[in-house]
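Worksheet for the structure shown next.
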Amino acid sequence: MADVFEFELEGHESQASPQRHAYHYDNCTEIMEDDHMYSNVADGQISAPPPSSSYMEDPMMESIQLCASAINPPNVRVGPEDFQLLKVLGKGGYGKVFQVRKTTGSDNGQIFAMKVLQKATIVRNQKDTAHTKAERNILEAVKSPFICDLLYAFQTGGKLYLILEYLSGGELFMHLEREGMFMENVAKFYLSEIVVSLEHLHQQGIIYRDLKPENILLDAYGHVKLTDFGLCKEEIEGDQKTHTFCGTIEYMAPEILMRCGHGKAVDWWSLGALMFDMLTGGPPFTAENRRKTIDKILKGRLTLPAYLSNEARDLIKKLLKRHVDTRLGAGLSDAEEIKSHAFFKTTDWNLVYARQLEAPFKPNIENDEDTSLFDARFTKMTPVDSPCETNFSLNGDNPFVGFTYVAPSVLEMMNKGGHGGISVAHLASSMSRAGAAKSPRKPGDPETASILHGGHSNLFGHGPNSEAPQAFGYGIGSQMTTTTAGGAGIQQPYQSFSGGYPEDDAMDTSTPRASESRETTTGNGSTTTTRPSNVGSSASTPIPLPKRVM
């Protein structure tokens, strides 16, 4: 697939205040009691509270039994031995993604996706280590029906484990590969749910920065779930800008390429590129190599096929405005500008938020273990969690102290299963930072901000010495790399274009472009794979369905 980059530009974010991360979890359980009612305060005679037996006899008081099973309910702490490997969903330099079945606890028998990461590979780079911990924090903090959910996180001496919900609908990329392109009503469904998911991230002060078909998964009902938060930027308020050079080239906004600072509006450019991709068969700007692709993004004319509706053409043109100030969604109202566009005039946004719109494609799943919508190149592999050559102490200098996590939803399930009367909220606060993560973040509060959104990572990228093919949907995919074709490293982000932007007006045409190529870069170098460009046709001409090549 396409190249993904991340560069921290000196002189900008390097001057930001250092972030502190709360990775230590208390092992105690806090029990809150109501204030006692005291009498005779006026004359200085304060009666002692009644003995505890009096409370137990009061039918209005709730009994709380303190016992080992209540404070430390069984099966809260999990490990690799609690999961049965079923299938390989993906593989990369940092590790593998498996389909697994839980074999213990109240969720015994449930199917999950298990991402296994090699510590030795991650700790080679201090930044990778920090990003990995921050990525896990984002997965914990951001809860939305349109975001892939994290259920457990744990570690061994040599590996990190993330247990995510299994999304049997596969990647949107695979469906586009099969169909070639989508009809407008189909694209509208997916775009509406993507808009809502980006809106949620923006409201949390997060820029996504890597929207593309590979990072969009479908659940068993055909609804959208975003995954891969490795390129996110947190703590962005209002029109605040950041200066990291990152993203997947074909979907990157011009202001990222120009290194002039960017904000949340880069996600709306990517939405426009994705919309174009869905409706035409490929991204709007592609070429035979990376440099020419960037040149087209910065200076090329946008070519729109004639078969698109006026509303679709107008929305694409307004999203792909090179001048940020004129781009739809760049204002303070953010997603509201896009939701009110004529392309979505028939969309009931209340139904979108409630996930009550009927999906155009409902996966034909035989059972919970069905992996037919994932790449057979992976699922035919024998699932083996390979042994580690290097192990790290789980105490002392362990760089991943505090990585363990159990979702509140899991604790709630266990509580209903009869593990005592301790409040689930107390259990959650003792096992993780879930309580703090759900608290409103106050602008300008660095400690709270770091708890909520600890940073960005390349946790979901493939690491060095990775093997092709790569998995995309669950994130062991394209690495943020500085490797170019032939292995030459990029020392600086693209900077050859020094002039102003060309006109933003798109050129409508019915002339299809020739197929162009996208580069796929791995840690060992890069290869080039061909993907179709936008396909144009007249309204009376049958629309060819191009075949995507992965």
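Keep in mind that glycine also has a Cβ here, set from the backbone N, Cα and C atoms.
LEU89 (ATP binding site) is surrounded by 27 other CB atoms, counting those within 10 A of its CB over all protein chains shown. Taken from Swiss-Prot, the feature ATP binding site applies to LEU89, GLY90, LYS91, GLY92, GLY93, TYR94, GLY95, LYS96, VAL97, LYS115.
Positions annotated as domain 'Protein kinase' by Swiss-Prot: 83-344. Across the domain 'Protein kinase' (83-344), mean pLDDT in this model comes to 90.
Taken from Swiss-Prot, the feature phosphothreonine applies to THR404, supported by a curator's inference.
Per Swiss-Prot, the feature region 'Disordered' maps to 433-466 (among others).
Look at Swiss-Prot and you will find 484-550 (among others) tagged as region 'Disordered'.
According to DSSP, VAL97 (ATP binding site) sits within a strand segment. Of all Cβ atoms in the protein chains displayed, 27 besides its own lie within 10 Å of the Cβ of VAL97 (ATP binding site). Compared over the binding-site residues LYS91, GLY93, GLY95, the count of CB atoms lying within 10 A of a residue's CB peaks at GLY95.
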